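**Q** Below is a structure I'd like to ask you about.
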Amino acid sequence: LDMGHMVNAIAQIDEFVNLGANSIETDVSFDDSANPEYTYHGVPCDCGRTCTKWEYFNEFLKGLRKATTPGDSKYHEKLVLVVFDLKTSSLYDNQASDAGKKLAKSLLQNYWNNGNNGGRAYIVLSIPNLAHYKLITGFKETLTSEGHPELMDKVGYDFSGNDEIGDVAKTYKKAGVTGHVWQSDGITNCLLRGLDRVRKAVANRDSSNGYINKVYYWTVDKRATTRDALDAGVDGIMTNYPDVIADVLNESAYKAKFRIASYDDNPWETFKN
């Protein structure tokens, strides 16, 4: 996946997909009552980016739905997966379940159109804090109680705090998650981070008893770092410049081994060479 980073205004969906992204990441901020409120990052953010673009969350979902509904004038066939970077650190730990419930209601209504020809993209719920794992259970319970448990087929998970791989595995056990796991690793583009933990995540993904299905690395803006990440075997790279990732994927060394994922690829299935 060529993942566009920090896509928080509806107009940016077109912008990033047109540069080559087949996936986007969107920040979600919550109000004091754990309602998803804005798609907003705020200051500070990645070097070279405007930190303050925003929409109301439900309005963003409607724009995203149009971009991922075949036949809509705004439809992008290429856009197959969306990562919601859930900014839950503003919440108390005991609000995580409520945040999940409210998130599910918002998505059901505004993105999935109550199960009636809604947006088709796969969704990854990315949570920054292992203590907030009940967001997942709250989300699942709500889709089930609202009569749409089948939509969970479209939902995956990520814990984005660069925690020990073993601790993440234990947390998924507590949350009752047995698949659909993306593991992120990374740091803001203003700083450098090695690939040690990415390699551990890839090893877990490729082992017979690992919990990880896919690994992505963030935020990569340079060709050299893109090559290093691909050499380490990642499934996705998050970037401020999707055209840079697309260019590297076109280099002869990588063209033979990697391709841009399409909607027919299963994002929850570990790729076997």
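From the backbone N, Cα and C atoms, a Cβ is placed for every residue, glycine too.
So Swiss-Prot lists the following for this protein:
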ACT_SITE  His5  active site
ACT_SITE  His41  active site, nucleophile
BINDING   Glu25, Asp27, Asp85  Mg(2+) binding site
DISULFID  Cys45-Cys51  disulfide bond
DISULFID  Cys47-Cys190  disulfide bond
CARBOHYD  Asn250  N-linked glycosylation site
**Q** Three-state secondary structure of Cys51 (disulfide bond) from DSSP?
**A** coil
**Q** So what sits near Asp85 (Mg(2+) binding site) in its own chain, CB-to-CB under 8 Å and at least six residues off in sequence?
**A** Glu25, Thr26, Asp27, Val28, Ser126, Pro128, Ser160
**Q** Inside 8 A of the center formed by the CB atoms of Glu25, Asp27, Asp85, which other residues of the chain have their CB, for the recorded Mg(2+) site?
**A** His5, Met6, Val7, Asn8, Thr26, Val28, His41, Val83, Phe84, Leu86, Lys87, Ser126
**Q** Cβ neighbours within 10 Å, counted over all protein chains: which one of the disulfide-bonded residues Cys45, Cys190 has the most?
**A** Cys45
**Q** Tell me which of the recorded positions His5, His41, Cys45, Cys51 ends up closest to Cys190 (disulfide bond) in space, Cα to Cα.
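**A** Considering only the listed recorded positions, the nearest one is Cys45.
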**Q** Would you kindly give the Cα-Cα distance separating His41 (active site, nucleophile) and Cys51 (disulfide bond), rounded to the nearest Å?
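**A** With the alpha carbons as reference points, the distance is 6 Å.
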**Q** Looking only at C-alpha atoms, tell me how far the residue listed as 'active site, nucleophile' is from the residue listed as 'active site', rounded to the nearest Å.
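**A** Per the Cα atoms, the residue listed as 'active site, nucleophile' and the residue listed as 'active site' stand 11 Å apart.
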**Q** Considering the active-site residues His5, His41, which residue's Cβ sits among the greatest number of other Cβ atoms within 10 Å?
**A** His5
**Q** Please identify, among the recorded positions His5, Cys45, Cys47, the one with the smallest Cα-Cα distance to the residue listed as 'N-linked glycosylation site'.
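**A** Out of the listed candidates, the nearest Cα belongs to His5.
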**Q** Per residue, counting other C-beta atoms within 10 angstroms of the C-beta, which of the disulfide-bonded residues Cys47, Cys51 reaches the highest number?
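**A** Selected residue: Cys51.
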**Q** How many other Cβ atoms sit within 10 Å of the Cβ of Asp27 (Mg(2+) binding site)?
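**A** For Asp27 (Mg(2+) binding site), the count of other Cβ atoms within 10 Å is 24.
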